[in-house]
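Asker: Would you mind keeping the following structure in view while I ask a few things?
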Amino acid sequence: MEKLVIEGGYPLYGDIEVSGAKNAAVAILPAAIMACKGVCAIDNIPDINDTKCILSIIESLGAKVSKNNNSVIIDSTCMTSVDANTEEVRKMRASYYLIGALLGRFKKARVEMPGGCAIGVRPIDQHIKGFEALGAKVKIEHGAVVAEAEELIGTNIYFDVVSVGATINVMLAAVFAEGKTILENSAKEPHIVDVANFLNSMGADIKGAGTDVIKINGIKELKGCNYSVIPDQIEAGTYMMAAAACGGKVNINNVIPKHLEAISAKLIEMGVHVTENEDSITIESSRDLKGVNVKTLPYPGFPTDIQQPMTTLLSIAKGRSIVNESIWESRFKHVDELKKMGAKVSVENNIAIIEGVSKLSGAKVTATDLRAGAAMVIAGLIANGKTEISKVEHIDRGYPHIEEKLNRVGAKITRIKK
Ligand code: EPU
């Protein structure tokens, strides 16, 4: 089990390069198996455990995968298996995208129930509702989702909750449905647009991704394409929080500033100097931070995936801040860890009330999930003394080379392999 040891208290200066978006890549890689002609050459894949896991699952289904740094070539022309049942499938949430991809291409999928971060109940009823509306029969059998259809027929589907996963998954299956599918109350996250652009590059006919109404005209086959994944909005946001918390001046490069507007707006409200450039954002902070209130919302609102790093930042901001988590009911596990470091936070239901303190002190803490881990890294960077973070494997699921990127701008982080 590896640990990160952080010596806190150093300001950050320099440049951080943001990698490709995890939540786009983990949907685009399963979508690539829908090509029955040619190969998909995909670039800007983040080097994280979640993409390694998805690639290994795709290989287990019979696709040929060759990886070179951040690029991957996927040849799924000879693929025939529709049964995703390896250990990796159960480990990660995004393996559910194989249901939509396999159901679309082969009209049959058997995918073990997905895992992922323990941040609350994570139902997939809206995914199933969409597949059934397209004409599939879906059942849960021996811990796997089994979806099957003689044919898929386009229809109107209204999602009862705004769901990133359901929007993408049903979009994948609908690419091969006969006629037109209209998805209403769709999620609008940047990675949904990215997946739609990828599918369109393969020959799909999808319009409206990025709005709440997505229209898909069914087609008969998809072919390979060349594609590059968008930059990771959440990785960028996490480094924006780190720079604001530590003080100094950091350029966060390879970003789409528009995707970061909700985060930039909150930082500006806190007194941080934020400059948007064409494809980078500069954060300048004197650490003289003002508390603010935050409510997480679907895009373009403040992202739930930045809520945990934001809680750390607010723990050292002057005055009282209130954080309302409206997407996940159990996403405050990092608070008990922050309290070990001297933060004053109380949680009631989905609301955290934070009384800012002037400093945190280093302690032994745990990365309870992916973004909680990022929150603890930021806490370690600003704390006096040494912080030791265990369960680093959670952080490695979503942040490529986190200690190298932060050490390059002045952090002091060591990975201990035990
Ligand atoms: N929901 C339902 N029924 C469904 C699907 C979702 O009730 O069928 C509810 C969920 O319980 C939740 C809300 O709808 O309360 C939103 O869930 P959503 O489906 O949007 O989440 P997801 O697709 O499972 C993705 C990201 C998460 C991110 C959320 C929200 C991936 C692989 N995961 O999850 O990312 O928090 O969208 O933006 O894309 C992370 O990266 O740390 C992470 C957890």
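For all residues, glycine too, the Cβ spot is worked out from N, Cα and C.
Checked TrEMBL, it gives:
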{"type": "DOMAIN", "residues": "7-406", "note": "domain 'Enolpyruvate transferase'"}
{"type": "BINDING", "residues": "Lys22, Asn23", "note": "phosphoenolpyruvate binding site"}
{"type": "MOD_RES", "residues": "Cys117", "note": "2-(S-cysteinyl)pyruvic acid O-phosphothioketal"}
{"type": "ACT_SITE", "residues": "Cys117", "note": "active site, proton donor"}
Asker: Which of the three DSSP states, helix, strand or coil, fits Asn23 (phosphoenolpyruvate binding site)?
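Answerer: DSSP call for Asn23 (phosphoenolpyruvate binding site): helix.
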Asker: Restricting to the domain 'Enolpyruvate transferase' (7-406), report the mean pLDDT as a whole number.
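Answerer: Mean model confidence (pLDDT) across the domain 'Enolpyruvate transferase' (7-406) is 96.
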Asker: Below 8 Å Cβ to Cβ and six or more residues apart, same chain only. Which residues does that give for Asn23 (phosphoenolpyruvate binding site)?
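Answerer: Correct list: Ala94, Val164, Glu189, His191, Asp232, Ile234.
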Asker: If you draw a 10 Å sphere around the Cβ of Lys22 (phosphoenolpyruvate binding site), how many other Cβ atoms fall inside it, taking every protein chain shown into account?
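Answerer: Excluding its own Cβ, Lys22 (phosphoenolpyruvate binding site) sees 27 Cβ atoms within 10 Å.
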